[in-house]
């Protein structure tokens, strides 16, 4: 088993790396393809759709065949799907973001018109080269990303159910939980590497090597910035292909203690039990198990919350605390993943050390889950105000009603779909230099500054202090301090929750008959994907879209990705929905613990009754023997008298 666990752990690491990297690039994909959060949530959920197509059949029928080779084939498929996700980058043109500057290929630089002029409107409204009628909906190549993610999900379906059941079949019962804990502990390194890789790629411009980076006028903090999202998929795809190789050289069965390598009696018995059971009767037996059903219901609610956390926490950190995607990914990975890793390892160690039964495991799982939930409650107190954006979050100086148009910029003729934010010296951000009423520019690229901004002057600034620079104004320093507190609390929450992860997973295996282990794992993952993994990123993405304050514009026209959110509404939706889902899940989990306790008590009473019956039977048998003995002695005493008579 240790050799198989080493190979399986490497495959878990590769699949978790590619999965976590996909989560970390959600924002980059949304901006690159100019799509909404609900659409990018569909792309993220497509992995679960692919998994859903085969998970039940692989879990049930896979146990009848060569499981290591089936896992190897799945990893090959997963690697090819991951590489396919990077393909759209090479099929699309260069990334063009919204800006008041127009690019000149002949001069290899940017030409800038006066922001506050009718010319700026013409520059923004003209169609760029290569645009044709009907292309307002943007490039459809994001479908290839979704299709690659579906293939990745199909391949991944073989790794979890077959690998874990393979270990549980051939390892000693007291070592099974420890092996699974070690497996998941090593696998947790994958997200750490995935988020680190996502941080590196998010800090590299998407078209690096093909454009002059000195002419790129945006920074990683800008809402239009797109990193090299495609690069990480190539790295993850190659790693998945390499992890598939060892499985083609592993045996069909592992040796039991004291046996030689080969399909021994245990594997033959397992194969025989599998072939005798039909799929539908087995499924019926599984779904009639009360404890297993409560286990499924509780984890569906908890998994919904978990998917929302993993998918949208980087976006929440970017929007609420004003962090860049690169910084958010690396800090989330460095703080959360080690805590998760330690929690999972200790969970397996506790199961091995104290030899907890199903009831003890359920109690520990509930206790640690509630402790993790309590650590997340202070999130609600970490409130960071939104950026002051003139006409969107705050009105212009002297204006009663909101709106991007004001008396200081009405003569500029600014296009309504413009988004090229600048930060005025008054500490207020503006949608663009045109909406700030700026009259002149100096410099090129990221060093561009705007002067003579009339809307800045209305805040009481003098002519010499009425300039603006590219980009939104930085958040208050307190937001950064709150972000560090958030990281500490999230690490503690994940640690306590994962401290009971192996305990709760063991319930899935031990609450059913031995021949239904693979099927129970497969159905468990199937239900989680149908009711959690697929819908959660889609419906929460739609909720995020409802908080958008300013939508971007696609290269050829049409609505693009959201540029600015109502962070307070976003915050209450994110934290409130997650808390409600977790509370519902823990309530059902408590009912499951009660059911397990009742089952254990029934089994103990039944055992006591059997022992009592055995005791009564032994007493009756002893009485009969004593009676026979007395009768024999009596006959022996009467024999001489009879003879004499």
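Think of each number as a place in line: the chain as shown, counted from 1.
Placement of Cβ uses the backbone N, Cα and C atoms for every residue, glycine included.
Note that this is a predicted model, so its numbers are computed, not measured.
Given the ranges 521-544, 545-568, 617-640, the record in TrEMBL names 521-544 as transmembrane segment.
Counted over residue pairs separated by six or more positions, the transmembrane segment (483-509) shares fewer than 3 Cβ pairs under 8 angstroms with the transmembrane segment (226-250), which leaves the two as not touching. For the transmembrane segment (572-596), the neighbouring stretch richest in Cβ pairs under 8 Å, chosen from 178-206, 226-250, 362-382, is 362-382.
Per-stretch counts of Cβ pairs under 8 Å to the transmembrane segment (292-310) identify 521-544 as the leading one among 70-91, 178-206, 330-350, 521-544. Residues 1-2, 5, 8-10, 12-21, 23-25, 28, 32, 89, 95, 163-164, 167-168, 171, 213, 216, 220, 225-232, 235-236, 324-327, 329-330, 332-334, 337-338, 340-341, 344-345, 347-349, 351-352, 501-502, 505-506 of the same chain sit 6 or more residues outside the transmembrane segment (178-206) yet have a Cβ under 8 Å from a Cβ within it.
Residues 20, 24, 177-182, 184-185, 188-189, 191-192, 194-196, 198-199, 313-314, 317, 323, 356, 364, 368, 483, 487-488, 490-492, 494-503 of the same chain sit 6 or more residues outside the transmembrane segment (330-350) yet have a Cβ under 8 Å from a Cβ within it. Long-range Cβ contacts of the transmembrane segment (70-91) within its own chain (Cβ-Cβ under 8 Å, at least 6 residues beyond either end) map to 8, 11, 14-15, 18, 22, 33, 50, 58, 62, 139, 141-142, 144-145, 147-159, 162-163, 206, 229-231, 233-234, 236-241, 243-248.
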